[in-house]
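Notes to accompany the following structure.
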Amino acid sequence: MALPSSSLSSQIHTGATTQCIPHFHGSLNAGTSAGKRRSLYLRWGKGPSKIVACAGQDPFSVPTLVKREFPPGFWKDHVIESLMPSYKVAPSDEKRIETLITEIKNMFRSMGYGETNPSAYDTAWVARIPAVDGSEKPQFPETLEWILQNQLKDGSWGEEFYFLAYDRILATLACIITLTIWQTGDTQVQKGIEFFKTQAGKIEEEADSHRPSGFEIVFPAMLKEAKALGLALPYELPFIQQIIEKREAKLQRLPPDLLYALPTTLLYSLEGLQEIVDWEKIMKLQSKDGSFLSSPASTAAVFMRTGNKKCLEFLNFVLKKFGNHVPCHYPLDLFERLWAVDTVERLGIDHHFKEEIKDALDYVYSHWDERGIGWARENPVPDIDDTAMGLRILRLHGYNVSSDVLKTFRDENGEFFCFLGQTQRGVTDMLNVNRCSHVAFPGETIMEEAKLCTERYLRNALEDGGASDKWALKKNIRGEVEYALKYPWHRSMPRLEARSYIENYGPNDVWLGKTMYMMPNISNEKYLELAKLDFNRVQFFHRQELQDIRRWWNSSGFSQLGFTRERVAEIYFSPASFLFEPEFATCRAVYTKTSNFTVILDDLYDAHGTLDNLKLFSESVKRWDLSLVDQMPQDMKICFKGFYNTFNEIAEEGRKRQGRDVLSYIQKVWEVQLEAYTKEAEWSAVRYVPSYDEYIGNASVSIALGTVVLISALFTGEILTDDILSKIGRDSRFLYLMGLTGRLVNDTKTYQAERGQGEVASAVQCYMKDHPEISEEEALKHVYTIMDNALDELNREFVNNRDVPDTCRRLVFETARIMQLFYMDGDGLTLSHNMEIKEHVKNCLFQPVA
């Protein structure tokens, strides 16, 4: 119904309440090109409001809508051509990729109890054990021989290619004591003593965070042994006295019965507590596998004191695996599997290993405990590092795990710790808790608490210039932390994370237990080589696809449209950043073309076309009638012809893939979309500010994410039944949450600029209308809260919607995430030429990794 241009009041009754609008004399200037004015075509649906034009009242002025002036697109053809690298996928690259995939699959399939390197320290303790037959020989002579054969050139024992003074000094001290006990290797002992004398002082130069676990317990105890054996060591060095004092202080803080009350990390260092341990009581805390917290050294010390057969069985088990040496702890089966899965996912190569990942996670889940897990399946002491990693990965893969497991690791002050009784936290464990906290479900307050606590800790670590870690020596842990804080889960797209982690990943990273150790199934060159080759290969295909999209854009005449934003590369970046696998090329193309039309038509309906012409456009889509184009202005002719031809082609391809006609489905999707655009145009024309609920009901559709997803889903490689389509359809909670979160993040970053251009309806403004007593700042805060809660619910829908094919679930969820990225700091689509999005596009599509 058109409002008449008379001086008389008119009333349109559509509900129970009345709102005043001003008179309109003539037609409303839409601020478009000369001679074009927006007619007041109004279509009112059902609702509680009625709008009236009230004579003599002017409750708000009707501003001239400001013509949209968009920055020109940055990614023109000549820019894209100038950035095209010389890289092409060579046959040798394809062959190498296949070889690496096979080797890594075999790596996953061969995972047992954990692969790791020798620990000279633990091997020395096992070598101390006298033969059980009473002969004056070692029970494990092969371990003693290993010590004799593996002294380094500088006289130390330890990891040859990674010098850590704490680690070298501790291992060297253990080895020279063992050799002295067995009265062998005099030359090695003297070289070891010389190393100790010349290098011990370097410990003072190392960060406290690099001090191995339990060092202040076992090192002073071994020094006491060395002194009793007459070894000439510099016992009076200041740092040695400081370590002894730390040991005494720690033991004084230890409640007398804590050692025996429940399993703690003290079980890991019993060799350093021999003078205070009640050996009968301690046996109650022995693990099922016979070890004490998987530590060969601790277990060896207990065996020498008790002769316990299960201890001996454990040591025999470890030596059967490793031959003539032992690691610093074993097994490491849960740790190895979780971190291997996390590594291939972060490097972006997980799509090659779906079966292997499932097998690994099935194994972990079979040993999941509601109190948490440790690094091994029979480890009685859970830690927050493995638990948080397990909670996040298992949840995202659809396993039923509760966030309540984190309560095990929260103290009375609300702070989170790694182990029971621990006073120091590490960067890597807090980083993993932080990453975990972002996959929260609604109402999980423990996840919110974990997020706030770990963000505070990690930001402080960065500000202090540290970000060094007590559990790992990584290539660039600082870079990992910076990425996680800047791009948390809901704005971290897979290709961007892969790019970042390829740069931060260390194939030679080491971990810190009681000694330094390596995990070759977690850190290795094969993962990195495959990640680089695969990234560059996928990027090459993406560049070719983008060129095809550019040709489509130009041949359709869209470059002639002066009223809209040309953002072809930025829009293509969206699906390429998450649905990146080569087999989804058609889906990416459909996603990009559909998205481009949502931008064109949004700009058309928002501020360019008259309402009469918009009605004609909508009717043309509804009737799918090209003949109506003759009644349209030239720019709208270009729009509709391109629209008509493109979606006819898409529908034909969809028919082939789905085995049924999909054109009517696509039409209906677009009808709903254009209705939402039209309603916004009507509101804008009369300066109508709806209630928040009324606004969101329409705006969650007008954001157009649903239209993009519902059409693109036809090309995910799955046959989509009506039942499946209903689960991601307009009435589904899943799709609604995607649209809601996309709309809210858009509004929070653009409402002020759009208000200056004459727009009156946004989530913030509509909420303020419902609650006139609150400030704009309070309204904005409330909208953010709504969005955060909706993102939590979106997590749950994504994880639990297992009736929906994985690729369709990804399509919905990742589309919500890309919106969080684009509107992270502002309007990343409109202003992408001078924002970080430009760098993301470049890194994702044009810049190969070296």
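Think of each number as a place in line: the chain as shown, counted from 1.
Glycine is treated like the rest: Cβ placed from N, Cα and C.
What you see is a predicted model, and the numbers here were worked out from it, not measured in a lab.
Summarising the annotation, Swiss-Prot assigns transit peptide to 1-52.
Residues or ranges marked as substrate binding site in Swiss-Prot: Lys250, Lys470. DSSP assigns Lys250 (substrate binding site) to a helical segment in the three-state reduction.
What Swiss-Prot lists as Mg(2+) 4 binding site is Asp383, Asp385. Counting Cβ atoms from all protein chains shown, Asp383 (Mg(2+) 4 binding site) has 24 others lying within 10 Å of its own Cβ.
Confidence over the motif 'DXDD motif' (383-386), given as mean pLDDT on the 0 to 100 scale, stands at 97. Per Swiss-Prot, motif 'DXDD motif' is recorded for 383-386, and the stated evidence type is a curator's inference.
Taken from Swiss-Prot, the feature Mg(2+) 1 binding site covers Asp602, Asp606, and the record attributes it to similarity to another entry. Taking the Cβ of Asp602 (Mg(2+) 1 binding site) as centre and 10 Å as the limit, one finds 19 other Cβ atoms among all the protein chains shown.
The Mg(2+) 2 binding site feature in Swiss-Prot is assigned to Asp602, Asp606.
Under the heading motif 'DDXXD motif', Swiss-Prot lists 602-606.
Among the features that Swiss-Prot reports, Mg(2+) 3 binding site is placed at Asn746, Thr750, Glu754. Classification of Thr750 (Mg(2+) 3 binding site) by DSSP places it within a helix. All chains included, 19 other C-beta atoms sit within 10 angstroms of the C-beta of Thr750 (Mg(2+) 3 binding site).
In sequence order, Asp747, Lys749, Tyr751, Ala753, Glu759, Ser762, Asp827 are the residues of the same chain, not among Asn746, Thr750, Glu754, whose CB sits within 8 A of the CB centroid for the Mg(2+) 3 site. Put simply, Asp602 (Mg(2+) 1 binding site) is 14 Å from Asn746 (Mg(2+) 3 binding site) when counted between their Cα atoms. Among the listed binding-site residues, namely Asp385, Asp606, Glu754, the Cβ with the most fellow Cβ atoms inside 10 Å is that of Asp385. Separating the Cα atoms of Asp385 (Mg(2+) 4 binding site) and Lys250 (substrate binding site) is a whole-number distance of 23 Å. Over all protein chains present, the Cβ of Lys250 (substrate binding site) has 14 other Cβ atoms lying within 10 Å. In the three-state DSSP assignment, the secondary structure recorded for Lys470 (substrate binding site) is coil. Asp606 (Mg(2+) 1 binding site) has Glu754 as its nearest neighbour among the binding-site residues Lys250, Asp383, Lys470, Thr750, Glu754, going by CA to CA distance. Taking DSSP states H, G and I as helix and E and B as strand, the motif 'DDXXD motif' (602-606) has 5 helix, 0 strand, 0 coil. Here Lys470 (substrate binding site) is positioned 14 angstrom away from Asp383 (Mg(2+) 4 binding site), judged by their C-alpha atoms.
DSSP assigns Asp385 (Mg(2+) 4 binding site) to a helix in the three-state reduction.
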